[in-house]
Structure formats: structure tokens, C-alpha cells
Amino acid sequence: MRLTTLLDTLNQGGSGPWPTPTPTATEADTFDQLVATLIPCREHDAELWFAESTADVELAKSLCQECPLREGCLAGAVDREEPWGVWGGEVFVGGVVVPRKRGRGRPRKDESAAPAA
Ligand code: SF4
């Protein structure tokens, strides 16, 4: 089974922890819960994957390295041109992978980046 196929079978009920299965839970609910324990962005606060602080973004990237879905997650994010966030252990800004997320603040002091006069 391709990882993207497994990812597509999971409950897409939003970010954050999934509900704990109840006594009336179906096998699919139980499967979702079991898989969720293996996926760091389901086990931790999902906001970490969309954080502003560099430290939080780096933590999200490192947690992705443990994820069994990393390869498929990254491929899907590239296909969808995700506008931002950490996907598959990479930082996306404007639909493309960037080396690191720049914090807010002054623009870089780079003479070569200045517009031509
Ligand atoms: S690789 Fe994707 S699915 Fe896995 S923790 Fe990172 S963002 Fe979540």
C-alpha cells in the first residue's frame, strides 16, 4: 500500500487530537485512533506545524522525521502547493519548499535583493 493511499483512508476531521473511541466505535474509528498514535501532528498540538516561531517550526520538522507517513505527506504537499506550514518535515511558504521559515521583522539587508534603479 502506498503511503498516500493510507493517508487518504484516514479520518480527515480536522487538526488536533482525534476523539477517543467509544464503546460503540466502529473498527474504522479504532483504526483511525491507532494510526493517530503513530502520527506526530495528531499526537501533538497541530498548531505547532503552523507556528510563527522558528523554534516551534524546527520542532515540528524534527517530529515529522519520526512519522511513517512523511514521504507521502511531503509528496502530497508538493502536489497541492501547500501555501504554508510544515509538511513531511519541510517548510512550505507560498506553495514551495523553503530552507527555513523567516520570522517577522525587517527585510534582509541584502544589496543584491534591492530593485534595480
Ligand atoms: S510527516 Fe506529515 S503527517 Fe507526518 S507528522 Fe509531519 S505533517 Fe504530520
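The backbone N, Cα and C atoms fix where each Cβ goes, glycine too.
Unlike curated records, TrEMBL annotations are generated automatically.
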Range among 1-23, 70-92 that TrEMBL annotates as region 'Disordered': 1-23
Output field, [4Fe-4S] cluster shell: CB within 8 Å of site CB centroid, site Cys41, Cys64, Cys67, Cys73 dropped: Ile39, Pro40, Trp49, Leu63, Leu69, Arg70, Val86, Trp87, Gly88, Gly89
